[in-house]
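Features as listed in Swiss-Prot:
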type	residues	note
BINDING	Ser10, Trp11, Arg31, Arg32, Tyr47, Lys98, Ala129, Arg241, Val265, Glu267	NADPH binding site
BINDING	Lys98, Gly125, Ser127, Lys177, Asp230, Ser240, Arg241, Asn242	sn-glycerol 3-phosphate binding site
ACT_SITE	Lys177	active site, proton acceptor
Amino acid sequence: MRFFVLGAGSWGTVFAQILHENGEEVVLWARRKEIVDLINVSHTSPYVEESKITVRATNDLEEIKKEDILVIAIPVQYIREHLLRLPVKPSMVLNLSKGIEIKTGKRVSEIVEEILGCPYAVLSGPSHAEEVAKKLPTAVTLAGENSKELQKRISTEYFRVYTCEDVVGVEIAGALKNVIAIAAGILDGFGGWDNAKAALETRGIYEIARFGMFFGADQKTFMGLAGIGDLMVTCNSRYSRNRRFGELIARGFNPLKLLESSNQVVEGAFTVKAVMKIAKENKIDMPISEEVYRVVYEGKPPLQSMRDLMRRSLKDEFWAS
């Protein structure tokens, strides 16, 4: 089965190149023709510096075949409209995107089930495209159908794939870590509050796990690569858009204007909208996410949010909110 990669941003392009170098047949779809031409003619991409891209690119969705494995690598808020445009139903879907659809509160697996109803798997973990492109050691988690077969086809000497059975946990961990990373970036913008950042990341994984377990996720998923692994890299890496977004907020930039002017999607800023709606409907305590929402959408001063988190009622540590 051929891989049809939907999305030629940094991660979609790098992942397509992994597959191609593994001997797989791959087609990479890009929305813009100029990106397609760069990849096909110059073998370069504006999203992947200093790497030769040797996959074939197209901007024609009609090229997808029903035998293909569709790899989703576009922002979550645009997945539905692209799936509805597909001329055929693919043999299965492998999702690389991280987030929750705002208007429905659905995870990507639920969107795929609703529209395509085909086998589904999700790949997640600490995997910034910039490092994978340089073939630096990376390990990720794959959950879902046909995971053992996909594990063999995707893994390389530098890209190690583990499997698990918890699709819900892997999806939720990947989505919510972006929200916590915005808060981590705010602390970075304050000038390196190491104690506070360690506490934030620790309490953040509890918050993510609490949300996920409400929907049936396995607690141990959040202690693995898809959970604490991805959270750590997103909260600390210079490549993290969500962390950088929070850092700029702390330095005085208007968050809504930042979102308008950004040429890359800050997924956590959209995910937090969906998370807070779901949390309120189900009475799930999400104190960090709530403060991120207030800073981004209600104009609350970030320093005040940090203070309010510290002033919450005292609790036991383990699995307390």
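From the backbone N, Cα and C atoms, a Cβ is placed for every residue, glycine too.
Taking the C-alpha positions, the distance from Ala129 (NADPH binding site) to Lys98 (sn-glycerol 3-phosphate binding site) comes to 14 Å. In the three-state DSSP scheme, Lys98 (sn-glycerol 3-phosphate binding site) falls into the coil class.
Looking at Ser240 (sn-glycerol 3-phosphate binding site) and Val265 (NADPH binding site), their Cα atoms lie 11 Å from each other. Non-local neighbourhood of Ser127 (sn-glycerol 3-phosphate binding site): Trp11, Thr138, Val140, Asp230, each in the same chain, at least six residues away, with C-beta under 8 Å from its C-beta. Straight-line distance linking the Cα atoms of Lys98 (sn-glycerol 3-phosphate binding site) and Tyr47 (NADPH binding site), rounded to a whole number, equals 18 Å. Annotated pair Arg241 (sn-glycerol 3-phosphate binding site) and Tyr47 (NADPH binding site), C-alpha to C-alpha distance, rounded: 13 Å. According to DSSP, Asp230 (sn-glycerol 3-phosphate binding site) sits within a helical segment. Here the candidates are the binding-site residues Gly125, Lys177, Asn242. The one whose C-alpha lies nearest to that of Arg31 (NADPH binding site) is Asn242. Of the residues the record lists as binding sn-glycerol 3-phosphate, namely Lys98, Gly125, Ser127, Lys177, Asp230, Ser240, Arg241, Asn242, the two whose Cα atoms sit farthest apart are 16 Å from each other.
The binding residues for NADPH are recorded as Ser10, Trp11, Arg31, Arg32, Tyr47, Lys98, Ala129, Arg241, Val265, Glu267; their greatest pairwise CA distance is 22 Å. Cβ crowding, taken as the number of other Cβ atoms within 10 Å, peaks at Lys177 among the binding-site residues Arg31, Lys98, Lys177, Arg241. The two recorded residues Gly125 (sn-glycerol 3-phosphate binding site) and Ser10 (NADPH binding site) have their Cα atoms spaced 16 Å from each other.
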